[in-house]
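Novice: Before anything else, here's the structure in question.
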Amino acid sequence: MRSIASKVLVIGVVVVLAFFVTQYVLLNTTVFNSIMERKKEEAKHLVESVYGILERAYEMEQKGELTREQAQELAKSLIGKIRYDDNNYFWINDTHPRMVFHPIKPEMNGQDLSNYKDPNGVYLFNEMVKVAKEKGEGFVSYSWPKAGSDKPEPKISYVKLFEPWGWIVGTGIYVDDVKVTVGNLIFRNVLTVSVIGIAVIIMIFFYGRVLSRKTKAVLSALEKISSGDLSVSVDIKSKDEFGLIAQKLNETVGNLRKMVQEIDKSQDEVERVSEELFALSQQLRSALEEIARASDTISKEVQNASASIEEVTSGSEEVSANSQNISKLIQEISENADNIADFARNGQRVLEEAVKKVEDVSENSRETADVVSNVTESARNIEEIVRTIQSIAEQTNLLALNAAIEAARAGEAGRGFAVVADEIRKLAEESQKATEEISQILENIREGVERTNEMSKKNVEITKDARRLVEESYESFNQIVTRIEDLAARIEGIAASAQELSAASEEMSSALDAVAKTTTTVADEVEEVSENITEQEKAAKRIADIGTELKKLSDELKEDVERFKI
């Protein structure tokens with residue numbers, strides 16, 4: 001692929017050559033015609049000035065100052081001495097036609113010119129008589145030798161009829177004299193255009209090199225960014241579109257770098273919190289297992305207490321001994337209830353810590369989402385600038401089209417430049433292709449950012465679920481603590497009843513009934529606690545799953561972050 005410097009140089013050369021061809025064509029057509037018209041106008045004015053000599057001589061004849069012959073000789077003498085533009089002259093012939101007077105070829109004086117023709121077969125003097133009689137004056141084209149030469153040259157003469165004497169006075173312009181004038185003008189213009197063109201090409205060459213360096217710097221930075229290197233920085237200080245691209249690209253890289261740092265930081269935090277959640281879930285499950293074991297113990301002891309109560313009711317003689325057993329069992333039940341309450345409170349503290357950790361993860365996820373949004377916006381800014389470069393490529397294509405039009409105007413001489421102009425259009429299309437490649441790189445960056453954004457959103461949703469589950473677990477633990485406290489109060493009632501049973505045998509029946517009812521209530525409470533423990537075990541398992549999922553997400557983030565070099 002050709003560099004931008006070579007493309008710009010080729011465009012500059014083609015434009016200069018097109019301008020050169022245009023100047024050449026204009027000088028050989030428009031300027032030639034313009035100079036020819038000016039020369040013809042000068043010839044007309046010169047003939048009219050000489051015509052005044054004839055009028056003056058005729059006036060002298062009319063006044064009687066001179067005879068006609070004298071007046072005509074005076075006019076011929078005066079006109080024969082006039083020269084202009086390096087030996088150009090005037091001649092006089094009549095309407096016969098005969099040569100009246102020719103200052104360069106006097107041997108023609110008095111000759112019949114009706115059969116005189118030039119090498120191209122033009123009866124030039126007959127044409128002069130025809131123009132003079134029909135219009136009084138006009139131009140005639142033919143070939144005639146220059147003074148001091150026998151070679152006929154293309155010539156355009158202006159003739160005018162002097163009716164009083166029947167004379168036709170005329171003078172001519174040699175076409176090759178006009179061509180020499182145009183050639184000198186072409187040489188001067190070619191020299192000027194060449195100097196200017198060389199200067200322009202040199203300027204375009206150096207500008208193209210500067211443009212190429214800027215483009216290579218931007219492309220190199222984009223290639224490094226696409227490979228994950230975020231330590232790059234484009235150093236372009238100009239105030240044109242490339243300077244703006246460099247500024248926006250550096251801002252985008254800075255935002256990407258900040259985003260990756262934030263993601264890396266968040267990943268570490270997510271990994272730490274996921275590990276802590278997993279550890280907390282293990283502690284919670286251990287606590288729930290302890291509570292379950294204690295509940296089983298309480299259930300068994302309550303059953304034992306119920307059996308003892310039945311035995312007490314079946315035999316009053318064993319009341320004293322059984323009441324002591326009941327007191328002992330109730331004491332053990334009270335101690336186990338206290339242990340359960342301690343486990344439940346410890347679970348509450350663990351869940352409070354889990355809520356804080358989940359809130360930290362949620363906040364980090366939101367910050368990461370904000371940074372990703374900023375990076376997306378910067379990528380959109382660079383896409384706008386890339387569209388500006390595409391517009392420049394389109395303008396280059398239009399310039400190539402204009403060069404092709406100018407070459408077409410030059411006709412056969414510019415046919416070769418039409419091919420070059422077509423090549424310029426191809427080069428402009430390659431420039432547009434380069435901008436499309438830049439756009440593709442930006443699209444890859446944006447896809448990566450969007451993927452990170454999706455992962456951040458997923459992280460936020462997961463932390464929301466974790467927080468909801470932890471809060472539900474916390475509420476369930478509150479219920480467990482409340483029920484355990486109620487259970488402890490009921491156990492204290494059982495203890496009081498047992499003491500009353502030991503102290504007063506006469507109240508044994510009523511006390512045993514109260515103990516039986518209370519024991520039944522305790523059994524129900526223990527069953528409810530067991531059900532709550534089962535639910536909490538499910539919640540603890542879900543918390544562990546969330547911790548595992550967060551750990552997996554953290555590993556994925558870590559893999560993405562490790563792709564970048566900060």
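Please read every residue number as a count from 1 along the shown chain.
Using the three backbone atoms N, Cα and C, a Cβ is placed for every residue, glycine included.
Straight from Swiss-Prot, here's the annotation block:
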- 8-28: transmembrane segment (TRANSMEM)
- 190-210: transmembrane segment (TRANSMEM)
- 209-261: domain 'HAMP' (DOMAIN)
- 280-516: domain 'Methyl-accepting transducer' (DOMAIN)
- Glu310: glutamate methyl ester (Glu) (MOD_RES)
- Glu317: glutamate methyl ester (Glu) (MOD_RES)
- Gln499: glutamate methyl ester (Gln) (MOD_RES)
- Glu506: glutamate methyl ester (Glu) (MOD_RES)
Novice: Applying a 10 Å Cβ distance cut-off over all chains shown, what neighbour count does the residue listed as 'glutamate methyl ester (Gln)' have?
Specialist: 15
Novice: Given the model, what does the mean pLDDT over the domain 'Methyl-accepting transducer' (280-516) come out as?
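Specialist: Summing pLDDT over the domain 'Methyl-accepting transducer' (280-516) and dividing by its length gives 68.
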Novice: Under DSSP, is the residue listed as 'glutamate methyl ester (Gln)' helix, strand or coil?
Specialist: helix
